[in-house]
There are 2 protein chains.
Amino acid sequence: MDRILYFHTMKKNIYTLGVLQYIPFFYVIWSDGLLSASEINITKTAFEKDASLTTADKKTLAGWLDKNNKPSSQELKSWRTIISNAAIKLVEHDAYPLASLAKRLVAHYFSDTPENKQLQHIELNLGIQPNHYHHLFDVEVQHEATSDYYNAKELDAILKGEFAATVTKFHEVLKDPIYTWSIERNKEKFRATVLNQVKHLAAENYGAMAYPNAYGGIEDMPAYAFIFENIMYVDGSLAIKFGVQFGLFGGSIQKLGTKYHHDLYLANAGKAELLGCFAMTETGHGSNVRGIKTTATYQKETDLIILHTPGENDNKEYIGNALDATMASVFAQLIVNGKNEGVHAILVPIRDKNHELLPGVRIEDNGYKLGLNGVDNGKIWFNQVSVPRKNLLNKYGDIKEDGTYYSNIENPNKRFFTMLGTLVGGRICVARAGLGGAKKALTIAVKHALKRRQFNDNKKIQEDLLMDYPSHQLRLTPPIAKAYVYDVTLQHIMKLYSDDTKTDKREIETQVAGLKSIITWFANDTIQECREACGGKGYLIENRIADLKGDVDIFTTFEGDNNVLLQLAAKGVLSDFKAEFNSAGFASVLKLLTSQLNDKLTTINPIYSNKTDAEHLYNPKFHKHAFEYRTRRLTYTLAMRIRNYIKNGVPSYQAFLKVQTHLLALGKAYSCQLSYEIYSTYTETITDEKNKILFEQLGTLSALHEIKADASWYLEQGYMGASKSKAIKQRVERICTELRPHINVLVDGFGIPPHLITAPIAK
Amino acid sequence: MDRILYFHTMKKNIYTLGVLQYIPFFYVIWSDGLLSASEINITKTAFEKDASLTTADKKTLAGWLDKNNKPSSQELKSWRTIISNAAIKLVEHDAYPLASLAKRLVAHYFSDTPENKQLQHIELNLGIQPNHYHHLFDVEVQHEATSDYYNAKELDAILKGEFAATVTKFHEVLKDPIYTWSIERNKEKFRATVLNQVKHLAAENYGAMAYPNAYGGIEDMPAYAFIFENIMYVDGSLAIKFGVQFGLFGGSIQKLGTKYHHDLYLANAGKAELLGCFAMTETGHGSNVRGIKTTATYQKETDLIILHTPGENDNKEYIGNALDATMASVFAQLIVNGKNEGVHAILVPIRDKNHELLPGVRIEDNGYKLGLNGVDNGKIWFNQVSVPRKNLLNKYGDIKEDGTYYSNIENPNKRFFTMLGTLVGGRICVARAGLGGAKKALTIAVKHALKRRQFNDNKKIQEDLLMDYPSHQLRLTPPIAKAYVYDVTLQHIMKLYSDDTKTDKREIETQVAGLKSIITWFANDTIQECREACGGKGYLIENRIADLKGDVDIFTTFEGDNNVLLQLAAKGVLSDFKAEFNSAGFASVLKLLTSQLNDKLTTINPIYSNKTDAEHLYNPKFHKHAFEYRTRRLTYTLAMRIRNYIKNGVPSYQAFLKVQTHLLALGKAYSCQLSYEIYSTYTETITDEKNKILFEQLGTLSALHEIKADASWYLEQGYMGASKSKAIKQRVERICTELRPHINVLVDGFGIPPHLITAPIAK
């Protein structure tokens, strides 16, 4: 048997069987510049151990690994021709596709087909995947649109954790025909449908979930958050109407009221028998709740509280449920004995049993909106409307029998923030719903991209799948990774928030403020990317992304405008969560902070700032360090800037205005760091090694993508050198390619039931 | 008269009248770190010339300018107290507000009030504006929401140029009540309204504008583009329906047909008496027009062309006007004598006089969309529909009497691109319409931000205007500047495109492909930013931004998907516009390109890469150099990467797939460079010096903002150092502040008539 392959007639191209089997590997390595020097060494170690090779073979192969004397283009081309001429197949679902190809290659030129463990070893350890190289060959490729290496059900189970059964049961409930999605453009009809759905959910006991058992609930806020996200898959309007009724209105009774209010109203609210709204925002005051103008004046002689809207533009605005509700939880300046005790919530009946407005109450429809047209948002004015003193939700501040005001929180600022703090759960839910919207859009976009073909090589009959375009992978894969990261983050935060053993929620408030901002922005960006990724099909309402876009859009504004919340988060970081932030207490906090930070901001070692090997770039320690460094650096420089302004006599309010963009950057950096730390701590707890690796890879992609997005900052700081910055960019693209075979499993792992997706393009 | 001011009792705080008048200036300079060293020198030169100062005064002032020994915080505070104690006013609309403040300060402490030209000189030459410093003082500020230094009418006139009269007349036409905007959610009713409006525009002779005089037009495509943008201010659906009828359908007859078709159809199309659609896109083939499946087979025996949709998913899709049209301009594979001659357009009657579908034609409504619901998009299938041979739009390819195919463009590729090229005007119009949407959203957002107040210092009764927040300036001002840049760019490109003396439009096609992409993305981003900047109010349909969002969204996809177009632009750059791009011709182009580029990519001088003075950063030469460098560098590295792939035997199609993200980056870089070059060449022609300076400032803001956005790339390349990158970031913020007083004039300069804005928040 001739064990030497003569290719062409040139002496140079004589290959032994031993060498030939390595040729596909060397072709992949060199023609694409895919592997780094350190990775190439794996190859060397492998063939040195290969007993099927002669010393001469090994010498030849070692020569081909010499970076300074790499195979010429001509030689690479000849390898390619050898492979092409063999007319063999590349089968993607082979366990070792490249080693199998090599085996078939040898079988073609020689009749022998040895099984070579070393080749398999290389393929496994270099993580070479068909996506990396199949375009390099001119051979028939047996593509698989998606791999079954991972199991979507396992991913879903990891994400849902202890709530899996609750969610599964809920998906069954959502099979009821009243949740069947259809297009309804008329707002009155749409609202009627949504109201019916809300009542149905209440009847199925989902409304009261977060309330105590005595009032029909199971006191489980984390489970409620899961339900909330899953309602988003049905329809955005339903989620928001549900949230207004049970979370905001019911929640205000639960959290700000006392037993008197609970006994009278809470069970009914949970059953949607008492429909209510949450009247906080005013036309003139959205983000600045403390500045609202509506007054609630206590009248001692009648023992009544008088609600009043002083000016035409001081009305409540965008109030969800305003057209259906019979009661409102109204936030107003409480004035007792001529003294303004700050903002308090008061329960105010607004309609009678015939659904007629009560005297002194004026309500107008906010009309059509960009989205959420199934929610009845409206404006409310009060003209000297009186309610009993007991209607004051009096958990944190009360008017006593003798007509005097009392609160066990003396500091009015602290009292105000304590009240607002009880509502932070809603902010987590909004982020969850935004994330749900992003997941649904990603699922639709990925499934479309796994069917849709576009363009091709003139020689090929079949056009490429959209999902096989690098730019398409790059637009959809990082948001999928981030969706996993944010999912874990929000679940963790909700658990902390619901932990009643921790009474001081200030730190969580700061965290939620930041996370709600970055996650709702992420949701909007992702949905837009998905819309564009689906082209014209994404524009059609039937494919569901369009409505998600309109619905989720406002999430960046309501439950706290993102820009305002980020500044809140940044101020929280600045004050080190220790003291309320005001210019008086600022100096001492600053002193402390400065000394703390100065120590930790050591100069970055140039070796570190130019480290580009895979091991380093994939290491969560690097990601955490990069995020921590950014937060600390931004905190320090921000603190220094503010201190300088204040030292020069600039009033603190003006100083903060001057550094506003810096505050926003810090708020984002902090939230990003927080999210990654929660996620990476979580992945360490995953017991199944295979899935753990996948979760780690998603974390790495998310982290590197974030560092890449802020590369200019890191470069400016000298934290990264140019080569590291470029290497990170390449790694992001490469991980996207690596995840390509698993992308269908990744979106299925979100666990959105097919009957709620409905989009024809995702079928 | 005591000419020395004793402040406190410390010797240090004795100031002469001469020195006192400079104190507000020095306070501004040092307390805010506002000015760079070179700028401070202007101050020095000025007071050296000040005859009112003694030598001792000058020595004191010179001491205060010493950067290494700058005034202490204590001294700065004492200056502030001197100013505060004087209880004087800062009047923003004074010609020299800071010099006037200084004058009032002197008047308070001394009875004398000298006029000091040197102070005015400093104020003017340093470009110090009240926005930069009013927050530093504790004095009463007489704010002005907006300055009248510039005149909106003048800006408007500059932008409109020779088309001013046409547009003004058109604005009058749009006062007709049929253009009155109202919310219509039902698509059938909405479409009926829009159809009426289209017919009215036709009756007023706007439909045929781009057609020759013989067919009712004035053959003025640039004027047509102005009309198109202005229709966008009425409603997006109207603009698109108008564009489909007159631009695409009529345009295909005009550009692809010959006299036979013109005589029969063109005038009627222009009068909207013949309603038509443009049937190119198919469900399976959006961007890859060459791959469409619909066939048009010539049957010699009957002398007919048979239109046929081979598969269920090969239907025409998203075809505007599909429900109203009686004729379609259908793009299909023309098969003559069994040979596929490539894609050609054929006029196909689709409905009879009773508006019933003709035999073999099936049309379905595309249903509700994210936006543009006033446009009747539909799907069309043809089942063996025959039309006369003469219905072939035969300008570039014809079936002769003898039944043979003939074209004077032999290369089928070239023929195809020549046909598509005639439709490039539509792409410019889409970009114009997107830009119009962005301008309208910016106008609404700015006017809202100049009324809306939010938060405040506890001491102030009046809350700050939204527009006074740095983050708000930073989100709205750069897009305003870019809107000016893109306006000038698109007008210029339209002029080039309409110039019939230039027959080879290939270069313009490449340019338009890139510009359409970056400008429609810009429009989407801007409209989203405006939505968020208006908070909840932006979410209400009545405030018009919501509809703009939904309507403009698809502009990134239709008339060419942006990602596909950018790659087209990049390939155009690569081939140096000289030869059709294919792998055969590629090698020689590459060789040429490589040698050309290698020379020009000289290493960047470290002094240059760290130059941070204002003069340099404001210099258009720097901006142009930065943009040119980026394009060249990306072209060179891209060419090298492709060459290496091809050298190693990777097929050219696959090589291009591997570098897809690189191609997109090059496409963007090229378009950005092109746009800035057109704009800066244009600003040089502005004769009025005052407005010229403003236009230059807008160009600088736009350019620096773009460089800032891509700072990581410039840093990686070593083109910029960290200090330059930071300086650019600061300059962007500063220019935004400088433009703050003029922001209302800037949006009014877009010339959108108030009766078309309608948004209550912009009133």
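Glycine residues also receive a Cβ, built from the backbone N, Cα and C atoms like all the rest.
Of the candidate ranges A:12-30, A:316-334, TrEMBL annotates residues A:12-30 with the feature transmembrane segment. When Cβ-Cβ distances under 8 Å to the domain 'Acyl-CoA oxidase C-terminal' (A:621-762) are tallied for each of A:183-267, A:277-385, A:421-572, the top count falls to A:421-572. Residue counts for the domain 'Acyl-CoA dehydrogenase/oxidase N-terminal' (A:183-267) under DSSP, helix first, then strand, then coil, are 64 helix, 0 strand, 21 coil. When pLDDT values are averaged over the domain 'Acyl-CoA oxidase C-alpha1' (A:421-572), the model yields 91. Using DSSP to sort the residues of the domain 'Acyl-CoA oxidase/dehydrogenase middle' (A:277-385) gives these counts of helix, strand and coil: 6 helix, 54 strand, 49 coil.
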